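Working notes, beginning with the structure itself.
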């Protein structure tokens with residue numbers, strides 16, 4: 001009482017201090033605050049109106065919270081999780097009937113918990129979960145009937161436990177065994193049922209040293225034969241201890257015997273010297289027994305068996321779920337003795353109990369409706385006795401989420417249908433792809449055939465065009481009089497031969513090979529040897545064909561002669577190379593250039609081509625006829641050679657290139673027909689005339705030199721003497737003609753690319769269009785033949801013609817005399 005008085009006085013002093021300092025933070029709670037808003041104490045007891053739940057407006061830094069004497073009915077984790085600093089919590093004298101499992105798990109600093117004078121019915125492990133620092137636990141004056149053996153396992157630091165004034169009948173021997181710091185355990189005013197099940201707890205209690213020494217207030221209330229016995233034998237009516245009685249009656253197998261049933265009493269009286277059958281205690285000896293162990297009366301009093309609660313424990317009410325639906329449930333309740341007590345089915349919702357129905361049958365099915373999914377519903381079987389409600393067993397129901405409707409299960413026939421459909425689709429795709437592939441391949445073949453036909457047609461047309469270009473004058477003027485024989489003319493009376501390409505430029509005028517269209521090779525050595533006709537050499541490769549054997553028989557004599565002069569040809573080629581090398585070696589300085597003489601064939605070819613190969617006889621005549629037909633309308637012009645002129649290196653180089661090109665161009669037509677010595681006319685100078693002709697040809701731009709890029713500037717030819725008188729034997733003006741503008745078809749036959757642009761792909765020459773367009777695969781074939789060196793494609797007559805063209809009068813006669821000697825020696 002003194003302690004309570006001092007506590008009340010302290011509360012009054014604290015309240016007065018708050019009123020004086022203005023520390024009243026809320027109208028419903030008295031707060032004692034520290035620095036920076038820290039709250040030490042919050043007194044919320046006896047609130048008007050009383051609290052029905054833990055208030056949330058209190059600062060979370062609170063250390064001491066007092067909510068006693070309100071109407072709080074439940075303790076939830078959500079309402080206490082904010083108060084992490086809480087060390088003292090007073091919930092005394094409320095209406096708490098439900099504590100959520102883990103409700104105090106956020107108060108790991110809590111040391112004092114007061115829950116006295118409430119309506120708790122049982123104590124479980126989950127209620128005290130997380131209270132590792134708890135030291136004082138007050139649960140007095142509740143309705144606790146069951147204390148689980150694991151209730152205090154998470155509270156190893158408990159020093160004081162108060163479970164007095166409850167309804168505890170049984171306690172397990174291991175309930176308080178793990179509490180090493182326990183010094184006070186108040187269990188008085190509980191209706192203990194003294195049976196063999198309580199023997200283990202009584203042994204622990206006898207060994208425990210209770211600081212309060214309240215043994216006289218712990219008594220047995222049932223069974224009636226042991227009513228009034230003290231748990232430890234210290235009482236007002238003698239020294240009767242239930243511990244000694246149970247130790248004398250109960251054995252190690254007492255729990256198994258109690259499950260089977262109560263022991264049968266001994267029949268008859270016990271005789272001295274003979275032991276009664278178990279389970280009575282051993283027979284008394286002659287020695288006097290202790291006062292607390294002797295029975296009243298004489299020794300012939302029969303032993304009375306102690307009734308136990310084993311049958312009652314087995315006969316507890318049972319509740320189980322029978323059926324669950326979307327919004328309802330059916331439960332089954334079994335009662336051992338429905339008429340011994342009044343049983344009801346209660347629904348607990350946050351410690352608020354509501355009666356569902358009264359239970360009056362030994363087994364009854366109850367349907368629960370208007371339930372929601374994913375919601376916990378707790379139902380308990382409660383009995384009422386002497387105005388008190390006893391909770392026997394509970395059941396929690398949670399309706400699951402509505403299951404989704406199951407999808408249709410495919411039948412075996414449906415699965416087979418799906419499989420066949422998939423296989424059919426795959427087979428159809430294969431057929432479609434095959435058809436597409438067949439169509440594409442067929443179309444490709446048709447395109448290839450069309451390309452081949454077009455190439456053949458183009459080749460035929462080109463062949464015809466080339467023939468017309470080369471032999472057009474013969475077709476147009478077949479009655480043209482041949483050139484009359486006569487002596488060689490002087491320079492002033494000689495007509496000019498059209499401009500011809502050089503020998504080194506022969507390769508670029510060959511037709512590019514193709515897989516479909518044959519191409520021609522002009523002036524090659526094999527042409528001379530085999531004697532192919534000119535029509536075959538226009539659009540075919542210069543290689544011997546299958547009919548070459550017949551041609552060899554006809555030209556065997558001439559071929560042998562040509563073989564004999566191979567050495568002369570090689571010497572001529574060497575001479576050409578030496579001339580080119582010596583010409584390129586001149587870079588600057590005054591240079592005197594002697595223009596080479598120009599050669600003209602003025603005699604008829606029918607009588608002057610005894611030493612020519614068959615391939616050169618007709619072509620030479622055609623070129624001369626074409627030349628004369630074009631020159632007929634051209635004005636005459638004389639040209640003189642320039643010597644001793646001083647020019648810059650660039651101008652000299654440009655003129656030298658022009659001279660080389662002019663000489664090469666003049667050599668083209670002489671190769672076609674190499675006449676005898678008496679049919680060659682020397683025209684001096686020729687380089688100036690050829691330069692003027694090339695310069696004017698480029699100005700006309702009629703595909704005469706169709707190649708990209710710039711050309712070296714050629715200086716104009718110096719003025720020459722007046723043109724010589726015409727040659728009467730030819731019936732036309734015998735003079736050097738200016739380059740005339742010929743008709744386009746004929747002009748294209750003479751227009752070739754410059755040899756310095758061999759590598760360029762663009763060309764407007766009609767001879768280059770003889771090949772068919774090649775596909776991309778044919779262009780990159782590794783087996784394509786590469787161009788050979790220029791010396792390999794130079795014909796024998798080619799070199800000889802060049803040497804004859806640039807030779808002077810004496811040299812020309814020497815060459816021809818040597819040629820005749822070789823021929824005569826070969827014939828002999």
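Each Cβ is built from the backbone N, Cα and C atoms, and glycine gets one as well.
Per Swiss-Prot, the feature compositional bias 'Pro residues' maps to 274-285 (among others).
For 529-541 (among others), the entry in Swiss-Prot reads compositional bias 'Basic and acidic residues'.
Per Swiss-Prot, the feature compositional bias 'Basic and acidic residues' maps to 696-705 (among others).
Annotation source Swiss-Prot lists compositional bias 'Pro residues' at 713-727 (among others).
For 190-252, the entry in Swiss-Prot reads domain 'LRRCT'.
Sequence annotations record features per position, and here Swiss-Prot assigns N-linked glycosylation site to 59 (among others) based on sequence analysis.
The N-linked glycosylation site annotation in Swiss-Prot covers 85 (among others). Long-range neighbours of residue 85 (N-linked glycosylation site) (same chain, six or more residues apart, CB within less than 8 Å of its CB): 60, 61, 62, 63, 109.
Listed in sequence order, 45, 65, 66, 67, 68, 112, 114 are the same-chain residues six or more apart from residue 90 (N-linked glycosylation site) with CB atoms under 8 A from its CB. Secondary structure at residue 90 (N-linked glycosylation site), as computed by DSSP, is strand. Summarising the annotation, Swiss-Prot assigns N-linked glycosylation site to 90 (among others).
Among the features that Swiss-Prot reports, N-linked glycosylation site is placed at 122 (among others), with the record citing sequence analysis. Following the DSSP three-state reduction, the secondary structure of residue 122 (N-linked glycosylation site) is strand.
The N-linked glycosylation site feature in Swiss-Prot is assigned to 210 (among others); the stated evidence is sequence analysis. Within its own chain, residue 210 (N-linked glycosylation site) has 183, 184, 185 as residues 6 or more apart in sequence whose C-beta sits under 8 angstroms from its own. Secondary structure from DSSP puts residue 210 (N-linked glycosylation site) in coil.
When other Cβ atoms within 10 Å of the Cβ of residue 376 (N-linked glycosylation site) are tallied across all protein chains shown, the result is 9. The feature N-linked glycosylation site is assigned by Swiss-Prot to 376 (among others), with sequence analysis given as support.
Residues annotated as region 'Disordered' in Swiss-Prot: 259-291 (among others).
Look at Swiss-Prot and you will find 517-552 (among others) tagged as region 'Disordered'.
What Swiss-Prot lists as region 'Disordered' is 624-649 (among others).
Per Swiss-Prot, region 'Disordered' is recorded for 696-732 (among others).
Here the repeat 'LRR 1' (61-82) is broken down by DSSP into helix, strand and coil counts: 4 helix, 5 strand, 13 coil. Marked as repeat 'LRR 1' by Swiss-Prot: 61-82.
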PLDDT averaged over the residues of the repeat 'LRR 5' (157-178): 91
Under 8 Å by Cβ from residue 122 (N-linked glycosylation site), same chain, sequence gap 6 or more: 144, 145, 146, 147, 148, 391
Pairwise CA distance, residue 59 (N-linked glycosylation site) versus residue 376 (N-linked glycosylation site), rounded so that it is a whole Å: 32
DSSP three-state assignment for residue 59 (N-linked glycosylation site): coil
Residue 59 (N-linked glycosylation site) CB neighbourhood, other CB atoms within 10 A: 16
DSSP residue counts for the domain 'LRRCT' (190-252), split into helix, strand and coil: 26 helix, 8 strand, 29 coil
DSSP three-state assignment for residue 85 (N-linked glycosylation site): coil
